[in-house]
Amino acid sequence: MVRMRFPKRYIIVLLTFICTNVCYIERVGFSITYTVAADAIGVNQANKGMILSMFYYGYVLSQIPGGWAAQRIGGRRVLLLSFVLWSMICGLIPLDPNRVTILVLSRLFVGVAQGFIFPAIHTVLAQWVPPQERSRSVSLTTSGMYLGAACGMLFFPSLVKHMGPQSVFFVEAVLGAAWSVIWLKFSSDPPRTDLPKVSMPKVPSRDMIKAQAGGVVAPRTVKIPWRRIIFSLPVWAIVVNNFTFHYALYVLMNWLPTYFELGLKLSLQDMGSSKMLPYFNMFIFSNIGGVVADHLITRRILSVTKTRKLLNTIGFIVSAFALMALPLFSTPSGTVMCSAISLGFLALGRAGFAVNHMDVAPKFAGIVMGVSNTAGTLAGIVGVGLTGNILEAAKASNKDLTDSETWKTVFFVPAYLCIFSSVIFLIFSTGEKIFE
């Protein structure tokens, strides 16, 4: 057999990058198509918020089970099963805002299916990727989310206009099915060293088997230190920042189309390629953060702990000020610029808190990610739903939703959360391994 010219772990990282890309194409696609369909029949903002947030109710249910499943049966299998499930739902369910029950159930089940993805990805990457490559590998993988969101914002408004909202669901189902086939063909479990049969105990020891790729693989029978994870302050620092990151991201992802339509009186179709800039900026800054973090660590310019704190703080503080400035601009260019800066620096901050899962618990990265991403998913439930209620309350108070002043609360809440979270991470986080 001909040897590969590059390590197999590169293929794994590339496939997980495509995985997150397709997932966020689906999420942005639904927010765009549902907004168009709901506005066409006059659905109020509170009900829109309820439907848009329903995905996250399902998503939150499967985060910790996703980490557990990835630990027990392998991240590779869990990823495949997740994609098959949500792709089938997208391909079979019609988009009709009048059929609320079907929409609620379909978004709930898509959320459950996709909730297994990120814990499984972190389990796979912790097994395949050596410590000196983790920052840029995780950053590349997660940057797929933002490139997917950018692609969705660029192509789906025109697709909806010319082919109808249901066409977006068909495209999403095809993409999900295609990735599943590619993953099945080209992915594999990491190679393990074989233990001599004569010395193999009936009950596996706590010694970890090291993958040849340089990652660490925990035996699937190892007891998970739930109590230590739950009461760990460094883990809580990750959890708080994951919540804030996703609060800001999900609010902007789900409500920026409405802000453009109402606050700026500009349809997405009329914005051209500028509407994808915030998410494309996230793609760029996420990878910059990963490269910078690995450079600082491998060259020993800063410790792992200081590197994580530096990038997290810069990312979240700059993002906070950009969010505060966003409603001050009444032009499309100013709004796009502020949202691009805010989301871009949030993505930079992922080289702080997001990679930190594998710093503190490389053997249980999927579990810690499941706990952390549960908080991030709750942010989607709280943030997306709360934003709809804020706008509906403003409307009930006879405030004009076309006035950017009315939207200040929407953007100031995540800004204050960014400042608070960055302080928490500065005080309590660490780059040292704390779970054996």
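Using the three backbone atoms N, Cα and C, a Cβ is placed for every residue, glycine included.
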Stretch carrying transmembrane segment according to TrEMBL (options 101-125, 201-225): 101-125
Per TrEMBL record, range annotated transmembrane segment [choices 13-30, 49-66]: 49-66
Distal contacts, the transmembrane segment (78-95) - CB-CB under 8 A, six or more residues away: 19, 22, 26, 33-34, 37, 66, 69-70, 102-103, 106, 109-110, 113-117, 119-121, 123-124, 165-166, 168-170, 172-173, 175-177, 179-180, 183-184, 187
Chain residues outside the transmembrane segment (276-298) and at least six past its termini with a C-beta under 8 angstroms from it: 28, 132-140, 142-151, 153-154, 252, 256, 304, 307-308, 310-311, 315, 336, 339-352, 355
The transmembrane segment (49-66) versus listed stretches 137-156, 168-186, 229-256, 411-428: most Cβ pairs under 8 Å: 229-256
In contact by Cβ distance (the transmembrane segment (101-125), the transmembrane segment (229-256); 3 or more pairs under 8 Å): no
Interface present between the transmembrane segment (137-156) and the transmembrane segment (334-355) (three or more C-beta pairs under 8 A): yes
Intrachain neighbours beyond the transmembrane segment (367-391), with Cβ under 8 angstroms and 6 or more residues off its ends: 45-50, 52-53, 55-57, 59-60, 63-68, 71, 115, 118-119, 122-123, 224, 229-230, 235, 238-240, 242-248, 250-251, 254-255, 258, 357, 360-361, 401, 406-407, 409-410, 413-414, 435
